[in-house]
Amino acid sequence: MAPPLLPPSVPLAAPVTVPADSSLWDRVSNWVSENKAVVYTIAGVAVVVTTAGAVYYIRSGSDSKDTANRPSKKERRKRKQAEREAEAEAEKAAAAAAQPTEAGPSQPKAATVEGADELPEITEETVQRLSELERKEYAAKLKEAGNKAYGAKDFPHAIELYSKAILCKPDPVYYSNRAACYNASSQWDKVVEDTTAAINLDPEYIKALNRRANAYDHLGKYSEALLDFTASCIIDGFKNQQSAEAVERLLKKFAESRAKEIMTDKAIRLPSSTFVGNYLQSFRNKGRPAGLEDSVQLSEDTGKGQLQIGLQALENRTSPSYESAAAAFDKALELNDLGEYEAFAYNMRGTFRCLRGKHVEALEDLTRSIELDPAMTQSYIKRASMNLELGAPDIAEKDFESALAQNAEDPDIYYHRAQLHFIKSEFAEAAKDYQKSIDLDRDFIYSHIQLGVTQYKMGSIASSMATFRRCMKNFEKTPDVYNYYGELLLDQGKYQDAIDKFDTAIELEKETKPMCMNVLPLINKSLALFQWNQDFAEAEKLCEKALIIDPECDIAVATMAQLLLQQGKVTEALKYFERAAELARTEGELVNALSYAEATRTQIQVQEKYPKLASKLSGMSGPPMR
């Protein structure tokens, strides 16, 4: 298949060099923003994928397109101002509601004293001698005085007054107000203590939940903070934009913190065979360098012999064989008697270091390869792809220019430069480069496929469909043609036609590559069945089959998690998100995987800790998303 065309925001995979299927992964993890249709759903809460991970919102009967359109900065400012005004009104209402009441409709007069200073000394002992009505009246007066002290920023005095009010009447508002004083002086442990007391008295007290979440955030307890903010969002129906944004921010913060810990001890390994194979075949097969063919007898104790062993292993296209190839390329450079093959050896070791996510070392190898043999254009191309992945498109462009200066007739340069244009949404320029690549070599199928995809992105649907029809005629035994064509048909909602193409791709994969089958057509068909008629059972079977063939295929893992979430099988889905984290290749991929996992785990905790909220979610959720 062709290499990826992933937008920078796509999680669990890096742009350009990651050989995952781009449009497939868009549908798995970016459906809301790209297709405006499907979202991850957990017990009625939609998890919208973003660059930071996931944010929640309640599903409703409204068109999901609305949820994907982020308001402008001006609109957000207006909204936040409105929220502040509404919160101020709510605080007034809450304060009024917190005033004590007698049995019956009439309200008691606001105490028989003029101020808190005129109240008798309030201690645990003296409170015992007060009547219930006196306690309520004194508590209200003390709380009112505490509010005034808080407004004057006399926090120690406000704490003293709220503490006395609590002695008179343990009330969630009083605890929350005292927590606000501790918050002002950054006494986060005491904020947690008081807000917890308030929440124990009123489990749906939003202000206390938000205050405790903020305190947990400052204490570095991101999971706890995330749980409180999520519960707060659910209680108020996701109306508070700040709380929703806090969920997203905390997911990112938690994931980044955890990812750094994990990456310290994480074993470096290659990604799935699907991943590796798709990247390697994005370069035209030029055959082995002369002198490294199987017919040449080379000792395995030499660098040249290890290069030969590595190239032999690559041809098997399995995970073990790719690991063997990587080890052989490492060994070849250790032995270091490579002669004319030294630049090639650095190129291959740099390639596999890149696939392992060891970017610094990979860049060093590719740079060394260029120094040894400036005419080896593939080293420029790979270094350009890495620089683009690392967020340096300007450097990538210079590498392509250098490669063209060496050989302006190399079709691989134009093909991969088109990827750079595509990732920057420069579709017209991408189409030109794909066409140039075709003009130089019409037999490389992926240039044709990517041209068709680019035409589709440009809105030239008829041209795109015509390109794929020509591909099916000229490359009728190539499964990737049918797989990509099926994806475009699926995007148009032509489900049966798409499934027919995926079936053809699956059969051709079995015929042409029985020992190293590409599992992406299986995953695509799974998604098509899910989107078309919610056939979860068959969709799961296809994903399971894909994972039997390629257990480390991250896209299959993510798709299975999606299917399980849509069925409300949250605990099972969590296992797959955790598996995705295990498969993450780089820290960036790990951050996104952990964001998904933590979002899912939080929803489980919400349902366990707040069973009433779980039932509330069920009532608020709308019809299944398509």
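The first residue you see is number 1, and the count goes up from there.
Using the three backbone atoms N, Cα and C, a Cβ is placed for every residue, glycine included.
Note that the structure is predicted; figures quoted are calculated from it, not measured.
Annotation source TrEMBL lists region 'Disordered' at 61-121.
The feature compositional bias 'Basic residues' is assigned by TrEMBL to 71-81.
The compositional bias 'Basic and acidic residues' feature in TrEMBL is assigned to 82-92.
Here TrEMBL flags 343-376 (among others) as repeat 'TPR'. For the repeat 'TPR' (343-376), the residues of the chain that approach it from at least six positions outside its boundaries are 17, 268-271, 275-276, 279-280, 289, 303, 307, 310, 322, 325-326, 329-330, 332-333, 382-383, 386-387, 389-390, 406-407, 585-587, 589, judged by C-beta separation under 8 angstroms.
TrEMBL lists 411-444 (among others) with the feature repeat 'TPR'.
The repeat 'TPR' feature in TrEMBL is assigned to 479-512 (among others).
Among the features that TrEMBL reports, repeat 'TPR' is placed at 554-587 (among others).
Per DSSP, the secondary structure of the repeat 'TPR' (479-512) breaks down as 31 helix, 0 strand, 3 coil. The predicted model assigns the repeat 'TPR' (554-587) a mean pLDDT of 90.
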